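Features as listed in Swiss-Prot:
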- Cys21, Cys24, Cys42, Cys45: Zn(2+) binding site (BINDING)
- 77-87: compositional bias 'Pro residues' (COMPBIAS)
- 88-98: compositional bias 'Low complexity' (COMPBIAS)
- 51-80: region 'B-reader' (REGION)
- 56-117: region 'Disordered' (REGION)
- 84-281: region 'N-terminal cyclin fold' (REGION)
- 19-51: zinc finger (ZN_FING)
Amino acid sequence: MDDDGGGSPGHYGGGGIHLVCEYCGHGSEYAEDDADNGFFTCRQCSAIHTSTQNTATNPFDFPMTPAHLSAHRRPTQPTPTPKPFPAPRGAATGAAAPDFDDLGEPSEPRDFATGANAWGNPEDVAARVRWRYVRGLQVILQRQLEALVERHRVGSLAASLAGTIWLRWVAASKVFDEMWVHKMLAIAASVEEGHSASKDKQSELEGDAQKSQSSYEFLFLRSLRMMLPVYSTLAVCFLACHVARETILPTDICRWAMEGKLPYVAAFTQVDKLLGSSLNDCPLSSRQLFRPTRVIGAWQLEAAAGSIAQKIGLLLPSVNFYLIAQRFLKELSLPIEKILPHACRIYEWAMPAELWLSSNPGRVPSRVCVMAILIVALRVLYGINGQGIWESIAQTENAVGSDPEASAPHSIEPDSNNSEEFDARELLCTLAASYDKIDVGHDYSKEVHSYLKYCKDVVFTGMTFSLEEEHLIDIFWDMYKGKEVMLLDENAKLCQEKLRTTNGVNKRCRDGRFADTKCCSTPLGNCALQSIKSKMEENGFCYVSPRKRLVSDGYLLYTRRESSGSLIYVAHADYYILLRPFAKLAEVDVRVLHSSVLKLERRLGWIEERVGRSLNTLQNLHDEASDDERPVSD
């Protein structure tokens, strides 16, 4: 091996490179061939090493004897200090980014940490890391807005608003505060003083400057991620869509970010293309700076957007109830012309506070409040108050279930004497069918091929492989594609044989699943009723028998019942059938939506009671005034 001392040390005496992970503390021995583009990856947590501890020695750093004893014998003279790397190009914060074709990659692999003086003093390191981090987040936000406009049909107004919100958010976070660097250095000094007591003299001599440099870098990065989290770009996108009155929900943003349709998980690869290589002006790579550990949930995303609006002093409107409710009704295949006007009246009448964004992560999301208003409107319009409508549907199926050619419950003939009951029956049947059609799963989870492609393009993007590994991956891909074609042919044949043997006997039960032959051997209505009871128990509900008579015309408020030492919700079957497709579409638990419905109904009842009292008071005042104006008879 020809080496003049400028590269990595070779393996002499069976030794290697001992690296200790900065994240999990796991140490392991590495060889030169284990490096990936000059970087070593932790075998415990897959983090990339930026600081190293070299336990091997380079024999070319010492004078060679004829017997080459210096490579095997402990040197008596002190180890010479290696020369620091030259200052990187484009170190100034105001330097222009290089062209895309000439990224200015370093000529030597960074398999060891840079020298103590390579990046200057800690103040310069903090300025470089901060400038690179803020510019990189702005690039990611720009890519996300482009994807929203081009792929998801978001108006250009949202993109223009996002720029203003982002600048105000950066200013409010005080990330460019002059005292920030001094605070971080003071924290780093206190941490080093705590560790200095446990260090011996030998450990202080081995790479102490490099460890101090690395600790400064990651201390700055942790502070920046607390002030400007990576997920704040998603929150700014949603906040801009909310202000622009778009129908984009937090669930949409999170799903697109998870599936790679919105640049987030793999967006760090685009930062280097626009800003150049991070090794030129920052000691940390783009993967370390902008790679998120996880995708934030929809609940936390809405709270983050509300927190940003609160910190920048932005007065927010309520959600665009009309368009969002119209979208939900369309996805559930419900009559928009009949339901939406009544829902809008309830919205204008109640105006619940949950329709505004909040920074409280424990509050119910705004989309749940929209769903609650729609459910209350449906209960008022169709009279779904536990009268046993679903049980009557099950009895109808039981009566016609013995005839294989009987029509499905969706096409039950209406009763001329009771059209309202028919409307409610059709509503529940439509909701039961829509519950099966709602698909809240990710696209990459539908088949193995899409999942493997997702892992290649999103999860493991930015990782390089050797030629042998790439060739091996291509072989495995070809083998998988061949087996996939064979499996598709076999599945098609099995489906055709199954259709011929069953001859169309399988029917869809009211709970949304297909009943097999064993289920259909029992009465069809009992099968559907027992299935819905089991589903209610799984979701924390207790089935209640239908009401025999209506006690009052007010709202039906359900209470909780104690069962096995815990409180569970009680509900009728028809109300649960109405509740669960809305909860699935909003991607929340059924109990959360049920609690929101009860809260809204209590608020409406309180408003109606106050209005009734006010009207009675006005009527009494009017009568008293009329009596006073009446002339006194002689």
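Cβ coordinates come from backbone N, Cα and C, glycine included.
The Cβ neighbour count for Cys45 (Zn(2+) binding site), using a 10 Å radius and every protein chain shown, is 12. Looking at the zinc finger (19-51) alone, the prediction's average pLDDT is 71.
When the binding-site residues Cys21, Cys24, Cys42 are compared by the number of other C-beta atoms lying within 10 angstroms of their own C-beta, Cys24 comes out lowest.
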